Amino acid sequence: MCGIVGAIAERNITPVLVEGLKRLEYRGYDSAGVALLTEQGALDRRRRVGKVSELQAALQAEPLAGRLGIAHTRWATHGAPSERNAHPHFSGQELAVVHNGIIENHEELRERLKGLGYVFTSDTDTETIVHLLEHKLQQLGDLSAALKAAIPELHGAYGLAVISARQPDRLLAARSGSPLVIGLGLGENFLASDQLALRQVTDRFMYLEEGDIAEIRRDGVQVWDAAGNPVQREAVQYHEGAEAADKGEYRHFMLKEIHEQPKVVQRTLEGRLGSDHVLVQAFGPQAAELFAKVKNVQIVACGTSYHAGMVARYWLEELAGIPCQVEVASEFRYRKVVVQPDTLFVSVSQSGETADTLAALRNAKEQAPGQGGYLASLVICNVGTSSLVRESDLCLLTQAGPEIGVASTKAFTTQLVGLMLLTLALGQVHGSLDKALAAELVDELRRLPTRLGEALAMDKTVEKIAELFAEKHHSLFLGRGAQYPVAMEGALKLKEISYIHAEAYPAGELKHGPLALVDADMPVVTVAPNNELLEKLKSNLQEVRARGGELIVFADQQAGMSNGEGTHVVAMPHIHDLLAPILYTVPLQLLSYYVAVLKGTDVDQPRNLAKSVTVE
Ligand code: G6P
């Protein structure tokens, strides 16, 4: 998704802007650009299709320097990826804008502005913003006043950064539906859509809220809220080491993040477990009171986070006895939903900024409890400063740290841990969870980081198995019970980064269709913990073998399964059946990683995908 970086300083800020863009590369984009106010007092820009490195090369060939500037990575929504559609967009030579999000009334604005004599040079919605601003600037003479006057005419979602050659002492920003953060320096200040872009220059941040407009100068920041009142937004010190955005010894961020799982799962559990129970306060001070009232749970999420929600449904119904529904946010948000009384709305999101999930939460909050609305909202999220966290009643922060690889790995397993904590907390409060089982699961959770470490030690075995996929175009993933969503997540990982077509099925559905596809060219991956469904699963596997299908089975070491003709069994560490979905995810992540490496794809930034989907 698009990324914004801006800076105002007493030094040449081109390197800061380019480094910021590089740090946002993980979000996915198709073109990049930078605009600066040069020492001659004119605006100038460089834009390139492709990677930030192309832009860097362009800047080397034709250098650009200045002390005020904005930069952008674009992920095409209106208009193809091309240099003319890349940001920053100009109005004349006086005004430059970069924009994340979508302006929904861009067609109407475009017609109006054309009527006023503005000439459009791109197909983007963003260009309507810059001409509208120019028009207002003509009338009002002041950039902040022009921005304030333009905002009510912009419908949609945006994070904006604006500079003008006429007012070289300020960088302007506006936030509505797309995050922006100001990085605070000494005699210099910065702006970005994600603080990660600015950790190289500062560790002090000011987060803009919905509707905020900010005027950023070298020596200070002025913010106005949605009503136009001057407000003070708190400056927050960021603590985690900047090295988190480094690959370290690993070849890819994805592999590094897979290997971080024992540590980040440990962190996600820290401070949340009592001797034999989950600390309900971990979900917030009102959690115990609210949880007691919960009769239903509705989970909403996208992508990998949706799969975490699917696993949680099995847990919530089995352990807490609470009916649970799970739906992808893009469907949920546009559907007339019948809300059962006392339903807790739970969103799951790594970034906390996914447009569909956020819209679903906002819809859910529209109706009051008791009048057809939800009892309360809770988010399981990895970013404490995100919109979903700010707008939900309760939250549980996963402690995965920044996840850079587009394909989500450690965020997923920590989400599962968060959802297990939620299940146990609800079961405890309701008295529906057997105390001995709760104590056993709490113990098992404590041992989980060690088990994950053992699963990671199978790295080389999985790497060898990946060779079976090198020439394949299709594959099938099977699971039963809570392992079905794990199979879905395994298939998603494989398609995301290796571009091999992968489908997941509940193993019991095999005979109802997918078996027709099985032959020697279709590897079948199965996750088989040692549970009551194992015998049934073994029969499903026979059905595959009988059709000449090659089987890769990740099975509990006590499951009594062994290698055979066309059957590759990987023995997994023994784990409590209820926590198996967390552990069995790991070899599937490794499998897709090694297949992608063999195929030579761009593992951390797979084609066409974005890390954080902040538009519909
Ligand atoms: C994108 C990412 C996925 C992620 C999904 C939901 O599609 O590429 O990895 O699972 O968005 O993102 P969220 O931040 O809400 O978990």
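Each Cβ is built from the backbone N, Cα and C atoms, and glycine gets one as well.
Unlike curated entries, TrEMBL annotations are predicted automatically.
What TrEMBL lists as active site, nucleophile is Cys2. Around the Cβ of Cys2 (active site, nucleophile), 28 further Cβ atoms fall within 10 Å across all displayed protein chains. Look at Cys2 (active site, nucleophile): DSSP puts it in coil.
Other C-beta atoms found within 10 angstroms of the C-beta of Lys611 (active site, for Fru-6P isomerization activity) number 24, with every protein chain shown included. Summarising the annotation, TrEMBL assigns active site, for Fru-6P isomerization activity to Lys611.
As annotated by TrEMBL, domain 'Glutamine amidotransferase type-2' applies to 2-219.
Annotation comment: TrEMBL describes 287-432 (among others) as domain 'SIS'.
Positions annotated as domain 'SIS' by TrEMBL: 465-606 (among others).
Lys611 (active site, for Fru-6P isomerization activity) sits 10 Å from Cys2 (active site, nucleophile), taking the C-alpha atoms as the reference points.
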